[in-house]
Amino acid sequence: MAINHATWAFIFGLLGNVISFMVFLAPLPTFYQIYKKKSTEGFQSLPYVVALFSSMLWIYYALVKKDASLLLITINSFGCVIETIYLAIFLVYAPSKTRYSTIKLLLLLNVFGFGAMLLSTLYLTTGSKRLSVIGWICLVFNISVFAAPLCIMKRVIKTKSVEFMPFSLSFFLTLNAVMWFFYGLLLRDYYIALPNTLGFLFGIIQMVLYLIYRNAEPKPLDEPTKLQELNGHIIDVVKLNTVAPSEPNHVTKSGPVTETVINV
């Protein structure tokens, strides 16, 4: 018996939920470290603020769309909860200056920014036009997220080092993009499918670069580097000399390592 498009879409969406669930939980070791040391030690709040904003956007899109949007609501609702918990922990242990800047960022992006978008789409658009506007906002935001690996790919080529671009990272990001691409394609929702096409392409390129440079002799580079984690986060790394931090995002003698998360 043939399986129809809606069933396949549900299967891919369910798999996307499972992978995205793991992605959202990936920063847990980071926050355990913050809790244990009672300090945010060079960590940045921007990633989690942006991840929360992304989840809020997709929930709004799903609520407006209504049809076949349950799987978008479930995973992004979980995203909102877990990112809020991360931010609460961050605010508790952050120094006063960092706490103030985080609150200011939350108000600017997640309260006033999202609020302005919400009110403008509610009162200035109706019906399919509203869904289209929200969809384009989500699409453009996701494209900017998926374009971020260009920075690390450039550095890998320049330094001939894959130290901060592990194969597992590229594999899981590619797999996640594949799940959500087919979910969007089968539902003919191109606001979901199109950005993930870019995510799949960049993921493949990253894996190819890893295979090319995994045994190459690395060249030291004394400039800030962008890198990604398994959870799709972007990390700003200031790496001086050739000393690498033993723990991701940790402040080392060679310089601060700060994390900037962007949700998948």
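Note: Cβ is positioned from N, Cα and C throughout, glycine not excepted.
Annotation comment: TrEMBL describes 6-26 (among others) as transmembrane segment.
According to TrEMBL, the transmembrane segment annotation covers 46-64 (among others).
What TrEMBL lists as transmembrane segment is 70-93 (among others).
TrEMBL lists 105-125 (among others) with the feature transmembrane segment. Panel annotation: around the transmembrane segment (105-125), residues 45-46, 49-50, 52-53, 56-57, 60, 87, 133-134, 137 of the same chain, lying at least six beyond its termini, place a Cβ under 8 Å from a Cβ of the stretch.
The transmembrane segment annotation in TrEMBL covers 131-152 (among others).
Positions annotated as transmembrane segment by TrEMBL: 164-186 (among others).
Marked as transmembrane segment by TrEMBL: 192-213 (among others).
Here the transmembrane segment (70-93) has long-range neighbours at 10, 13-14, 16-17, 20-21, 24-25, 27, 31, 34-35, 38-40, 43, 45, 48-49, 51-52, 54-56, 58-59, 61-63, 99, 102-103, 106, 183, 192, 263, meaning same-chain residues at least 6 beyond its ends whose C-beta is under 8 angstroms from one of its own.
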